Amino acid sequence: MKTPKFITYVTRGFKGLESKSVENNKDHIVENSSPIASKFHEFDEQKKSFEIINYAGHEKFVDDITERESSVPGNAVYDITVRDIDAIVPVTDDVDIPASTFRMWILAFGLATVIAGVDAFFLMRYPSVSIAAIVALLVAYPLGQLWYYIIPQWEIKLPRGIRVSLNPGRFNRKEHACLYIFVNICVSAKLVNTLIIEQIKFFGVNIGIGRAILFNLCSYLSSFGWSGLALPILVYPPTLIWPSVLSSCALFKIFHDNDNTKACNWTISRLRYFFIVFVASFIWYWFPDLIFPALSSLGAWISWCKPSSAVLSQIFGVKTGLGLFPLTLDWAQISSLSNPLITPWWATCCIFTSFVFWIWIVLPGLYYQNYWQVAHFPIMTNSIYTVSGKSYDAQKVVDSKWELVTQKYQEYSPVMLPIAFIINIALSLGAFSSMMISFFLRFPTDVIQPICHVFKYSDIHTKLLKKYKRVHWGFYLASIIVSLGLGFAFTEGWHDIQIRSYGFVVSMVIGAALYIPLSLIESRSSFTISMQAFFEIVAAFWFNGQPMALLYFYSFGFGTLQHAMHMTQSAKIGHYMKVPPRLVAALLFTSGIWSSLVNSAVTGWIMYHVRDVCTSNAENNMTCRSPKTQFNSHLIWGLVGNHIFSSDGRYSFVMWFFLVGAVVSVVVYLLQISFPKSSWKHVNPALLLGGAAQIPSVTGINYSTWAAVAFCFNYLIRRGYYSWWKKYNLITAAAMDCGVAIAGLFIYFCVVYTGGSSNFSWWGTTVSSAGCDKKGCAHLSVSDISKPSGW
């Protein structure tokens, strides 16, 4: 039965009005409020104006979109639709709700400074810790409410009649969203922080804090410009849901709305449900992370029965094995790919199919047949080896200028790659070509059509935002031009970093070209395909034997790409939460500049003022293990990457995956247009290749348990108990992530950092580290390796 059209009258004097209708569907019964959410209006108690909102057009739009995007054979539910997000995203707006307040800006700058500074500091420490942006979202709410209760309602008079209120009232949803947007940008600077550390401590180039800020500003301003120009393509289209931002939007709803509709006989409110799950997640995470770490690796129990067995550890191990037994009680392990509760079921199917085929079928076949002598090394590792089975020390084959010395290379050892590393590179290249071919095949519908229809969207979110002025596209273009100027100054002003302006320009062009295709995939699947290997391959062939040039080529392009995608995510949050577009632009612009200053200043200060930092003699374990790993990787790629992957190189076959990706993309496209109503329309060819490219950082236990949880929630529960899923699924996702994030901080700062866990040991803490799974036992002995000729 079609939901009736009606007009909802909203009076600001009445809070929490609800309108309920029940829609009977042949698949399930949905309790909804004419898909316009439960609480209609946030209001200002000081004003009593009257507003009429007609949602009939939105209802028809939602029905059309839902039918077009989610009707699949067998009534299976594959996707997250526009109708689903109406349960947690407000479909009303009050222009009188203050967003750009003094309180918001102070809290945003304060939280961003603390979190970004802590992240930059602890990046150099082992073990490291990072604070997720969702922690700021949680902390901001009590801080905002505390501000409301203790700060007097004074006004500051500024020139030209401007008045700034110190306390504009209760901490509201828009302020909360703005604060989160600001912090989310500031905490995404790990890549550029790593570059500063590599340059100063490992390459020995004294770039100084000023040049570090210049590099950061160049990256952020370019990202801001591209993300702004792409708003009509990536943010405004209502079919681009961006599932990765929905859990944050769900938290905004439960903190600022009080509605409580019944779902499958569950009457518990979203807020109460969130705190129950949050507390349970917080308490439980202490067990797999500290008290009983074996719970995190339960899938490896078969290898524990015989720890010395290399074969058992290779098949069932979860650290250096395939992880064939899907069992873990650690949410951090389950959600290491992405949060499975917010990943659409079609994307889960594509990604897990990719993993099963490439990692559980192809990879073992190549490994046990000993192609390229990979059976002499661990089956699942990202290390690079010598012919003697030791970790490769690239500093033994370079001169004082960090350039390759061929004679030293021949005397030392050729580079030997493990099978997981090889497959990772091959799949990354295949994902690139598949993604780009699909992008060009769908260019009219994915790019041209959104641009042409930017003023014609009939969804309620776009309609409500039409009352606000948008930023002129010229401002974004100017930002890109300024970033290019800063990049030219950085590359041509000094001559100690091996890269010139032409390399910088090409890197930025590649990053910009990849930005929209990658964002389109993430906006639909919540999964990010890594292009790191592609950037490194291009740089390795272009800057032959110049690892420092590779580092900057990779950092300029990949850094711009990452920041632009973060900014687009944040812009979508602003779109959902009805934050004025000009304010969103101001937040993104300001946060990028502030992040450049804070991260560069903290990292640079530590580099120049902390004694022995990034050495084995460093105090407080400030050994920079993660940046050192990245340094070794960039060094090897820059020195020999072009040789080992060229036509006469030992691993040249990976280049064929450019063709493999293109063929897969064309075949899938032909099947989709030939059978438009079949399940092929949900298949993404880039995910069929890039879905498994996260290995060896994550293994089988991560993929299999992630897919199992996604199947349980996003297929079984959604299909059988849709009203429960619609009300509680995203709340569950947010609560689990928040519980783990907060518990991780408590464990680190209260126990690990203070040394409290150093003497805590029993079977549950040692069993997973006692055998071949931890050591990475190889199938064949390293003594039997025959040194390959050439590169």
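A Cβ is built for glycine as well, from the same backbone N, Cα and C atoms used for every other residue.
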Looking at Swiss-Prot, which of Asn265, Asn702 is flagged as N-linked glycosylation site?
Asn265
Residue carrying N-linked glycosylation site as stated in Swiss-Prot, selected out of Asn32, Asn759:
Asn759
C-alpha spacing of Asn759 (N-linked glycosylation site) relative to Asn621 (N-linked glycosylation site), in angstrom:
17
Take the C-alpha atoms of Asn759 (N-linked glycosylation site) and Asn265 (N-linked glycosylation site) and report the distance between them in angstrom, rounded.
49
Near the Cβ of Asn265 (N-linked glycosylation site), how many other Cβ atoms are there if near means within 10 Å?
7
Would you kindly check 274-294, 309-329, 346-366, 733-753 and say which stretch has the most C-beta pairs under 8 angstroms to the transmembrane segment (131-151)?
733-753
Other CB atoms within 10 A, centred on Asn759 (N-linked glycosylation site):
6
Where, among 274-294, 501-521, 533-553, 697-717, do we find the most CB pairs under 8 A to the transmembrane segment (309-329)?
697-717
Which three-state DSSP class does Asn621 (N-linked glycosylation site) fall into?
helix
